[in-house]
Amino acid sequence: MVRRRVLLATFPAQGHINPALQFAKRLLKAGTDVTFFTSVYAWRRMANTASAAAGNPPGLDFVAFSDGYDDGLKPGGDGKRYMSEMKARGSEALRNLLLNNDDVTFVVYSHLFAWAAEVARLSHVPTALLWVEPATVLCIYHFYFNGYADEIDAGSNEIQLPRLPSLEQRSLPTFLLPATPERFRLMMKEKLETLDGEEKAKVLVNTFDALEPDALTAIDRYELIGIGPLIPSAFLDGEDPSETSYGGDLFEKSEENNCVEWLNSKPKSSVVYVSFGSVLRFPKAQMEEIGKGLLACGRPFLWMIREQKNDDGEEEEEEEELSCIGELKKMGKIVSWCSQLEVLAHPALGCFVTHCGWNSAVESLSCGIPVVAVPQWFDQTTNAKLIEDAWGTGVRVRMNEGGGVDGCEIERCVEMVMDGGDKTKLVRENAIKWKTLARQAMG
């Protein structure tokens with residue numbers, strides 16, 4: 001019997017790679033071979049980190065194409081040109097791959113690789129979108145471009161869209177906010193128009209039925225299918241205890257600073273974990289406020305501050321700029337990278353201060369960890385709304401007049417979910433409930 005082969009066309013960012021690789025593992029277990037199609041930059045980074053040491057599982061192969069940015073897009077680089085080159089070169093590479101490999105029977109693509117769907121359709125290969133944000137966000141975009149733009153643009157704090165919870169403006173995806181350049185809305189519209197090119201288009205969403213039951217059925221034009229949570233088995237159903245990593249880290253974890261060993265020395269539910277993902281970089285003033293807030297809490301913390309490189313390729317560490325770095329290192333631990341799931345699953349973890357990227361949100365739900373939400377852009381603002389109001393697993397910080405977060409606000413929110421009061425108990429009960437439901441979703 002000939003095995004089927006699915007091609008996963010994946011945008012070269014950690015937030016896209018992690019769920020795509022986890023989906024690939026699920027396909028392999030179901031007897032389907034997988035070709036993972038991404039850029040040379042991502043492939044090289046994945047191949048050079050410890051997560052790749054075990055090698056590829058049988059049935060999984062990688063195909064990398066050069067987008068002209070094999071060392072990645074430099075800070076301050078031309079993002080528009082980068083995406084244009086990615087589309088032109090990626091389309092050509094995919095076209096040639098499908099032409100010369102007739103064993104690919106299906107293409108699943110990231111929404112930032114919408115061109116992959118167009119190429120696949122010209123080759124008469126069926127497609128599905130892998131949506132790596134909540135179904136609610138896809139619904140908001142869909143309704144915005146299909147009759148609800150005026151209502152959303154009006155700036156109301158009671159925006160009611162079909163089958164979705166009431167939204168206020170600050171909870172909309174930032175692409176739809178007035179201050180966002182029009183070109184970003186047009187880009188998203190273009191992605192959805194590609195999806196609309198197929199009758200009853202299939203959308204695979206990193207969510208599960210109990211988490212977003214209404215959003216998954218809100219768009220008649222699409223078939224939304226919850227396939228999540230897309231996280232390694234060891235932290236979810238436990239069927240494969242050895243599966244402790246997504247297997248595609250773009251950044252090397254801090255081997256010299258063993259996070260788990262440090263966590264082992266801390267009491268249960270005592271540690272504050274702080275991480276704002278692989279892309280976001282706060283200005284120095286905001287980092288200082290976060291540091292002040294952590295010190296004011298007086299609780300042990302683990303803070304992931306990613307190393308940055310300047311235009312000359314030299315490493316810069318934000319922690320070195322902090323005026324309170326000495327005090328911070330006495331009270332907590334600062335690392336440049338760590339295995340987030342290992343941290344979230346550790347008994348010492350008490351709460352997660354996060355930017356609310358969707359992968360981080362799904363991981364915190366699956367591990368039963370309360371959240372302090374500090375959303376910045378894209379879907380993060382909507383994710384924070386869902387965490388606080390729909391699922392009740394955390395609290396969202398209040399921004400100051402300058403759009404930042406004061407240290408005292410960080411302290412206030414951390415204490416709300418950790419001080420043992422009524423709010424703490426409610427948030428923890430909800431976190432455990434969703435942890436249980438996430439595991440049941442795999443049944």
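The backbone N, Cα and C atoms fix where each Cβ goes, glycine too.
Taken from Swiss-Prot as is:
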- His16: active site, proton acceptor (ACT_SITE)
- His16: anthocyanidin binding site (BINDING)
- Gln340, His355, Trp358, Asn359, Ser360, Glu363, Asp379, Gln380: UDP-alpha-D-glucose binding site (BINDING)
- 1-22: signal peptide (SIGNAL)
> Considering only the binding-site residues Gln340, His355, Asn359, Ser360, Glu363, which fall within 10 Å of His16 (active site, proton acceptor) when distances are taken between Cα atoms?
Replying inline: Asn359
>> Given a separation of at least six residues and a C-beta threshold under 8 Å, show me what packs close to Trp358 (UDP-alpha-D-glucose binding site) in the same chain.
In response: Gly15, Val132, Glu133, Pro134, Asn206, Asp379, Asn383
> Taking Gln340, His355, Trp358, Asn359, Ser360, Glu363, Asp379, Gln380 as the record's UDP-alpha-D-glucose-binding set, what's the max Cα pairwise distance in Å, rounded to a whole number?
Replying inline: 20
